[in-house]
């Protein structure tokens, strides 16, 4: 449960919701492969950038959707009344830009159905030879990646216990590492958007061929999260 938390009257910050299980070394070590993802995400010389972004984004969408489906029965309107990641709460914005407060499963459903619509639209993700990518393609990919990051982060912050029970944490860590290194390689998500998971990113990506000196500066995560403990940010 990631609910709004207010400081106790004595001025001390509230007790941490729980130790972040996903940061325990015995779990962060778990991967399904030790491949150098840094090399895997780089644009191959003979491939068009948009083609590369399209094929990777579509693959990440399917994998993240699949990973979420493994814990979806535990992500209910009761257990996850807001779409929250630790002390950050996300809202969905409809096509007219209207802010919608929704439960986590509703938010994920909005994400998955809107991304599904985009990746299967020939005018946005063309698959036929000679069809051009739209001018807005990169900005759409950025939007998709931002939403997919929210889903991954929610699985870690609210459903890591269930992921462990299913013994799927190795898959989750591998997927997260690959995804983060991909979005960094092509600057697809604003680092401010991903600071909520900086502590995990630092642990997983520093040992995965990442330079470690990413735009999210080493060690920021812990100091940021301590300061942010007493308020809920909205997105």
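Here the Cβ of each residue, glycine as well, is placed from N, Cα and C on the backbone.
Check TrEMBL against the ranges 176-205, 206-235 and you find region 'Disordered' recorded for 206-235. The Zn(2+) site, placed at the center of the C-beta atoms of 75, 80, 154, 159, has further neighbours from the same chain whose C-beta lies within 8 angstroms: 71, 74, 79, 104, 105, 108, 155, 157, 158. Within 10 Å of the Cβ of residue 159 (Zn(2+) binding site) there are 23 other Cβ atoms, across all protein chains.
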